[in-house]
Amino acid sequence: MDATPFDYQAVLDQVARDVAPLVGAGTPAEYIPALASVDPAQFGMALVTMGGKVFGVGDWQVPFSTQSITKVFTLALALSAEGGDSLWERVGREPSGNPFNSLVQLEYENGIPRNPFINAGALVVTDRLQTLTGDASSELLKFLREESGNPDVAFDAEVAASEHEHGDRNAALAHFMASYGNIDNPVPALLDHYFWQCSIEMSCADLARAARVLARHGLRADGSRLLTRSGAKQINAVMLTCGTYDAAGEFAYRVGLPGKSGVGGGIVAVVPGRCALAVWSPGLDAHGNSVAGVAALDRFTTLTGMSVF
Ligand code: DON
């Protein structure tokens, strides 16, 4: 299962050398004070093979704020708990072409968000997970601890409080969708779960391990099945088309892998059937994607040829 075609450690070392001039470029997220104070001169990258062997470079074991990367895992949990297609009646799967926190399309499209990876869509997914499990954020944390094998994966109370304090836009999105009947739970409780979810801290090593379920076509670390093979394919497809905000086309062009970014500067990427990757560097471009992170994944697929294309 782990017949390694490359010396992955040498590849990661090479990637880190190549992107070093970009580490510190861009700007850490400023709209949440707890993120704005992170040292931008950090870079880490981890790769996990199908069999669970982990390689890493730089700050690959340093925990950081995962933010919107968690949207992938809540989607996987909600689809798994639902066991059917009905979630897709409440959220679409087309790129939005708009910033992740945009309100503008929601009114034209009757309160149905374009995809599960913009904030509006993620709120619908968390709402569904809350209904199905009774405690969406705890279910997510439990899952991430199990998949990463790290019991220390945790919420960051300071980041969650910061999200709350600066959460007017998310509150507006949730209330607006509720006015269309597309939110089932009380909005304040839903926002709580969403903010806790965004605050989860993990390292590149943790995240790569957790994303392995999508490289393994839905199989969890313990060998049990979270998603059907087509369920995993569908999530990877939505990551490719919608996972990096309104720069998903550029990311597909440069990297050629399903990927999901977060404004903490992390990105996970999946090479189905081969490996899962996570990269982190806090400086963001104008779309909210890590400058050095995108460059590192671009270098990785260029050096190895391991893209889906
Ligand atoms: O909802 C927010 O404002 C952030 N906590 C989400 C962050 C993120 O990474 C961008 N989202 N799609």
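Cβ from N, Cα, C; glycine included.
Checking the candidates GLU109, GLU163 against TrEMBL: the one annotated together with SER68, ASN119, ASN170, TYR194, TYR245, VAL263 at the substrate site is GLU163.
A sphere of 10 angstroms centred on the C-beta of VAL263 (substrate binding site) encloses 25 other C-beta atoms. Just so you know, of the binding-site residues TYR194, TYR245, the Cβ with the fewest other Cβ atoms around it within 10 Å is the one at TYR245. Between the binding-site residues ASN119, GLU163, ASN170, GLU163 has the most other Cβ atoms inside 10 Å of its own Cβ, all protein chains included. Around SER68 (substrate binding site), the C-beta neighbours below 8 angstroms that are at least 6 residues distant in the chain are PHE100, PHE117, ASN119, ALA122, CYS198, LYS260, SER261, GLY262, VAL263.
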